[in-house]
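Annotated in TrEMBL:
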type: DOMAIN; residues: 98-304; note: domain 'ABC transmembrane type-1'
type: TRANSMEM; residues: 12-30; note: transmembrane segment
type: TRANSMEM; residues: 104-125; note: transmembrane segment
type: TRANSMEM; residues: 146-169; note: transmembrane segment
type: TRANSMEM; residues: 181-201; note: transmembrane segment
type: TRANSMEM; residues: 241-265; note: transmembrane segment
type: TRANSMEM; residues: 285-304; note: transmembrane segment
Amino acid sequence: MRAVLRWTLTRLLIMAVTLLGTSVVIFFAVRQMPGGYESVVLGPLASEEQRQAAAERYGLDQPVLVQYWHWVTGAVQGDFGISLVSQVPVIQELALRLPVTVTLALMALSAAVLIGVPLGVLTGLRSTSRSGGALGRTVAGLGISVPEFVLGSVALFVVSSVASCFSVGNLASLSGEPATLVRALVLPAAVLGLYCLAATARTTRDAVMNVLVEPHVTAAVARGETPGHIVRHHVLRNASVPVLTLLGTITAYLLGGAVIVETVFNIPGVGSYMVTGLGRHDYAVVQATVLLAAVAFIVINTVLDIAASLVDPRVAAAGGRR
């Protein structure tokens, strides 16, 4: 138990340091983007007096470390600044778009867990049979090899012509019933979740196959325990650690893949908001969306690392190497 507690405290400390370092990198990287605050707000023909006034308004005349401090302390309080293009607080736009992206990601992740894990367990238990091995390789190969923009474009073409019930392209506005939102996100979530499902199934299959040959499972078979009891009490728990670790990687994929899927399907989420901000050189939007994605990725991975150590204390004792 002490090893788990020590591992948890270490992961929390690493998370805090990583969050701080990430905020520094994001702040200074965005400052290196082409153009400038004054050019975005005033245009390229603004006079020097107008540029100086804009610099004072947005605090750009202050030392860069002071600017960073104001930005990061404001971000902690939920104040990401004002959009340079729309002149609307970024937090208001995020409040509208974040539920869409979260719903999309949760639907894709649910498909990966509810379908990928049972499929991986099934193919892992039947890996010695020809049908089980072929099924696992086929699902993994198709899901991992097809890019989202290709699958999304094909799905748009096929489904919009055959099945109008998916409401493709009806998310230009965020107003409407939750049921309408979910129905409109079914197809994008399927496109986004295919890779997650395939990766989860393959990782679960490999983990189950590895656990089946471990000594304690062999001993359980020799004692005459039923196959169902062996799977429930010996295989699933030990095979869950690699799957939990994979969920962190899937989170990164969902954050990146959501940008592509939201762009292809014209979904007004955080990913498309970031793409729009990049195209317009809206620095406040870019900083906020990139920071939000980075924080979500770091926090979720830390939580999953801690969860893995609780499921299998050997993870903490080995320093995360399992």
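Using N, Cα and C of the backbone, Cβ positions are placed for all residues, glycine too.
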If we call contact 3 or more Cβ pairs under 8 Å (sequence gap 6 or more), are the transmembrane segment (12-30) and the transmembrane segment (181-201) touching?
no
Please tell me whether the transmembrane segment (104-125) and the transmembrane segment (241-265) touch - that is, whether there are at least 3 C-beta pairs under 8 Å between them, with each pair 6 or more apart in sequence.
yes
